[in-house]
Amino acid sequence: MKPLHLKLNNFGPFLKEEIDFSKIDNNELFLISGKTGSGKTMIFDAMTYALFGKASTEQREENDLRSHFADGKQPMSVTFEFQLNHRIYKVHRQGPYIKEGNTTKTNAKFDVFEMVDGKYEIRESKVISGTQFIIELLGVNADQFRQLFILPQGEFKRFLISNSREKQGILRTLFDSEKFEAIREILKEEVKKEKAQIENRYQQIDLLWQEIESFDDDNIKGLLEVATQQIDKLIENIPLLQARSKEILASVNESKETAIKEFEIIEKKTLENNILKDNINQLNKNKIDFVQLNEQQPEIEGIEAKLKLLQDITNLLNYIENREKIETKIANSKKDISKTNNKILNLDCDKRNIDKEKKMLEENGDLIESKISFIDKTRVLFNDINKYQQSYLNIERLRTEGEQLGDELNDLIKGLETVEDSIGNNQSDYEKIIELNNTITNINNEINIIKENEKAKAELDKLLGSKQELENQINEETSILKNLEIKLDRYDKTKLDLNDKESFISEIKSAVNIGDQCPICGNEIQDLGHHIDFDSIAKRQNEIKEIEANIHAIKSNIAVHNSEIKFVNEKISNINIKTQSDFSLEVLNKRLLENENALNNQRDLNKFIEQMKEEKDNLTLQIHNKQLRLNKNESELKLCRDLITEFETLSKYNNITNFEVDYKKYVQDVNQHQELSKEIEDKLMQLSQRKLIEQNNLNHYENQLETYNNDLELNEQSIEMEMSRLNLTDDNDIDEIIAWRGEQEELEQKRDTYKKRYHEFEMEIARLESLTKDKELLDSDKLKDEYELKKGKMNTLIDEYSAVHYQCQNNINKTQSIVSHINYLNQELKDQQEIFQLAEIVSGKNNKNLTLENFVLIYYLDQIIAQANLRLATMSDNRYQLIRREAVSHGLSGLEIDVFDLHSNKSRHISSLSGGETFQSSLALALGLSEIVQQQSGGISLTSIFIDEGFGTLDQETLETALDTLLNLKSTGRMVGIISHVSELKNRIPLVLEVKSDQYQSSTRFKRN
């Protein structure tokens, strides 16, 4: 990620400020300088806040970023443009605030844009989703951004001096190693669940085994005494247990079947005796009821005589009733005939009146026919009357337009001829322009090659001079080194080792006496005097140390010079002097000017010709359009004339209005005549139809009357014949019989009921006599006692069998469940063994006591340290190397860092370093961390880094080394920005971003020293 432009509004001390990072050429190193509190670190805060909504340091909250001098109605916002993977993005973040005069907070806003074809297009417009978009785009979150892009004040050396637990948190964030801890937790939970399931399965097996029914059987009890943990023994005993249970069930079933058969015998015997007893009682009762029924026989015979007489008189009564109905019909027919005759007379009168109206209408027939003829002939004109009326209105306008269009067309033709004369034989020559452009490009390339070669030669001479100077220094230092090594070899180092043993020799002398045996060599001690000059030895040792220190310093200088020569050689190898033209710059510039003038002249000529051609095409198009309009005008004018002629010929009118008035009047008269004529015809037809209907009705009524009279005569004859057959003389006899008809239904029901009961008694008595014949009735009480005894015994055995059967089936189900649990348990133990082992390994139960996450973090830390040591060796003059401490720290292994001093060949705690040495180590470690994260993250583009930390703790030489390290970062294509108050940096770094403060707000500007 490379910053391009930063705009701040009401952010920290910046009320309205813009910083253009595009002024930084070729990713050069630049310094951010200013007084304390001017807002230098706020620039880093602004970039971090724009991307992630957080400051560059964790201690600063979002509310602390808003300027105290900001307008209460204006929001705090940051707009940040940056380049990533050759694509340009812009983010605009507005912080939440309570607007002056409001009580509710205005929410935060965040927009993400991407430049496409020179314009910004929005990608996200919500705070949460936009921030997530930036995290996915950059490949880092805010914490990782602080470690990789911005090394903030106070946090620069945090990673170096932190303990293992703190480093674990930092590395976990940078390398996303929480997934390995999550794997450990998942495996731990999985093992916990599996162990719980296994224990639960053992408990289920034990519970099922304890619930198996023994039936108080010694064999089963013996089988159940096996412990449930002995699952193999359980598998052996289960078939034996099931077999013994089946034997017990079979024995109980046999007793049950015997009891059921005995009960069925006594049950059948009891049922048959009860049925016989009921049949005898029923037979006696039916015989008594049958005798009582026979006593009603005389009454039933009288009822049957009355019913027979009622049946015989039925026909006579029907004839009498029919006579009354026929007489009523005859009277109604006579009334209908009279009404119909009156209706026919009224219809004849109405027809005579309508005939008079029809005759008067026919007298106007000739006049109507002439109007119909006119309407038919001119109907087509009236239907399109607007067309003809418009023709009268348009004809004069079209004549005027035609004349005007003709004049305009002639003017355009004359203009076209003038343009064609101007063009003449001239033609556009674009090939010549291409040829001139190519020539100019080639000349520019030759000029650039000459300039680049001159610049490269100057740079080469400078580098060769630097290389020669470095080689001379190396030769001089090599000569001095050889002299020092020769001087060092002259010392006898074997005689200098006693200096370290001075206290040891003194202790031995104090513990022995003359004449004792020496504890070192075993000889007799002759003298305890001083035989060793320790002062002389110490002096020579100091001289040797001084020589060795000088040798080491010279070797370091030689190594540095060799490194510088290597760097110079790389620059020399990168210098490329190209083949250049034989012409001088003056000649090439003159040729360039001539070709550029020729190119401009040809472009002007082409432009003039194209303008003339464009004007010609425009005039041609106008002529064509005018001709089309003129043709259209003539066509419309001819059409108007034809329509007017057609109208006047057919209508004999020369005025549209008069024609319309007469036509509508004729149509109205014809319609009125036709409607009235149709109305009269409809009335005549209706009268004719109504008269025909009434005539048919009259004939129908007369025929009905004749039929009714004939029916009445026949009915009278039938009445006389029936009275003669029944020996009835007058109507009084008939009335008496008719009085019985009200009781007929009751009499018939009484007779039918008697006959039905009589028949039922006969059938039932015969049936019961057949069922009780030759059968003996037993003692019911004895049978009942025996029945209850057998039933109780049977029920007891059925219940016992049901219980035993249920318990046997339950035992089978439980043993099957036990077998299933055992099989599943064995398979589960087999399958989960590897998971148990894996869980122990990743949880730290291994030979190194390392969890999986710590193992991964140690791998990354080793890579970071290796990368950091490449720079630390240069910055510390090959004295210090960072190493990882192997000892356990606070329960975490190997995440703390020590420093190894090559001068003393010993490792020591990082806190023993001076302020400058700590800065060197922190810078090397931070840069190593940055590079390793970039390698591992796959896609993070680290094209810039900003450092806000103490260069003031460094001496002059160390400061130079640190600057060289940062300059090397520039050569890798990374922009490097530094915040510092060190005045030496202002002299060494040519580009400075100066931050000035006027007490309440700050401003920035780039300047060069």
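Don't overthink the numbers, they just go from 1 along the chain as shown.
Just so it is clear, glycine is given a Cβ too, placed from its N, Cα and C backbone atoms.
Keep in mind the model is a prediction, meaning the values are calculated, not measured.
If you draw a 10 Å sphere around the CB of Gly34 (ATP binding site), it holds 20 other CB atoms from the protein chains shown. The ATP binding site annotation in Swiss-Prot covers Gly34, Lys35, Thr36, Gly37, Ser38, Gly39, Lys40, Thr41.
Mean pLDDT, taken over the coiled coil (176-364), works out to 81 on the 0 to 100 scale. Taken from Swiss-Prot, the feature coiled coil applies to 176-364 (among others), supported by sequence analysis.
Annotated coiled coil per Swiss-Prot: 392-502 (among others), in sequence order, evidence recorded as sequence analysis.
Annotation source Swiss-Prot lists coiled coil at 535-802 (among others).
For the binding-site residues shown (Lys35, Lys40), fewest C-beta neighbours within 10 angstroms: Lys35. Neighbour counts of Cβ atoms within 10 Å were compared across the binding-site residues Gly37, Gly39; the minimum falls on Gly37. Apart from Gly34, Lys35, Thr36, Gly37, Ser38, Gly39, Lys40, Thr41, the ATP site neighbourhood in this chain, defined by C-beta within 8 angstroms of the site C-beta centre, holds Pro13, Met42, Val995, Ser997, Ser1002. Across the binding-site residues listed here (Thr36, Ser38, Thr41), the residue whose Cβ sits among the most other Cβ atoms within 10 Å is Thr41. Under the three-state DSSP scheme, Gly39 (ATP binding site) falls in the coil class.
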